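Feature annotations, reproduced from Swiss-Prot:
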BINDING   166-173, 191-195, 212-215, 279-282, 308-310  GTP binding site
BINDING   SER173, THR193  Mg(2+) binding site
DOMAIN    1-159  domain 'Obg'
DOMAIN    160-327  domain 'OBG-type G'
Amino acid sequence: MKFLDETKVYIRSGDGGAGAVSFHREKFIEFGGPDGGDGGRGGDVWVEAVNGLNTLIDFRYQQHFKGKTGVHGMGRNRTGAKGADVTLKVPVGTQIFEEDNETLIVDMVAEGQRYRLAAGGNGGFGNAHFKSSTNQAPNWANPGLEGEEKTIWLRLKLIADAGLVGLPNAGKSTFLAACTRARPKIANYPFTTLHPNLGVATVDGREFIIADIPGLIEGAHEGVGIGDRFLGHVERTRVLLHLVSAQEEDVAKAYTTVRHELDAYGGGLEDKPQIVALSQVDVLDDDELKAKSKALAKACGSTPLIISAVTNRGMTEALRALRDVISAAKAGEEQA
């Protein structure tokens, strides 16, 4: 399935139905009074967050959504039926913005969450509504009110427990494939991953979701390599696993490059817990491993994990470290 994390759509709620002009007609009643019913309300436009989706690709093929017009009023004081609603089904984590793409309307963070984006127009009053002591037989009715029309932006920020970050070719996709059933594209060239991937990891009977985002480069927070959109997908994570490839000549510089982008982007990433790991260590001998591990520790201020998704070295330890931070974060959220 192709990935799409931002799109523009056009919505319009339904017009209200017109009120009816009608008079009571019955045998032996010569002057029946007005009995025109009111028109029905127009259909609303809703958005609903559902599980099972992790892309907005469906909105590439349909960008226009319109609620149905309310049914017109009828004689015998019958009110028209409400127009059918239309619902946009979006992945959990989708944000809805006004046309300026800056003003947030709603953040769809929970499965089943619904929000009315546009209310249908009210139905018009039938002529029975206008009967008075001075006008016993009004011969007019109101038209229904028009529905709301607006342009909105949908922006997806995936919801995962842990996010994988690092430079291109840091081994993020290989890590994800090794510990989950996700099958991201893996190859030995930069920017193999062009969109985020999700996988469910299990360790000691506990499950959590990991997001692999495309590799970050210098200037990502300013949109270089559309990195600012990639970074949005790890905003909601509880912990970051920062992978630094052992194949980097300067592991300290590789670490600080990504760390700078996270800090500069903001969005809470600067304060998010992180676990640093030296990845792809199967390519190093013992002396090289010791030297690069020491250099990385000096740069990040803590002892990095040593992992290789190819040989499975350190994978369980990395997953347990992620699980512990995630569990602590969830416990803190429940107490808050």
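Backbone N, Cα and C atoms are what each Cβ position is placed from, and that goes for glycine too.
Recorded features from Swiss-Prot, shown on the structure.
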residue	record	DSSP class
GLY166	GTP binding site	coil
LYS172	GTP binding site	helix
HIS195	GTP binding site	coil
PRO214	GTP binding site	coil
GLN280	GTP binding site	coil
SER308	GTP binding site	strand
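Between the alpha carbons (Cα) of SER173 (Mg(2+) binding site) and PRO214 (GTP binding site) lies a span of roughly 9 Å. The Cβ neighbour count for HIS195 (GTP binding site), using a 10 Å radius and every protein chain shown, is 18. The Cβ of LYS172 (GTP binding site) has 31 neighbouring Cβ atoms from other residues within 10 Å, across all protein chains displayed. Ranking the binding-site residues GLY166, PRO214 by how many Cβ atoms sit within 10 Å of each one's Cβ puts GLY166 at the top. In terms of local Cβ density within 10 Å, SER173 ranks first among the binding-site residues ASN169, SER173, SER308.
Listed in sequence order, ALA170, GLY171, THR174, SER245, ALA246, GLN247, SER308, ALA309, VAL310 are the same-chain residues six or more apart from GLN280 (GTP binding site) with CB atoms under 8 A from its CB.
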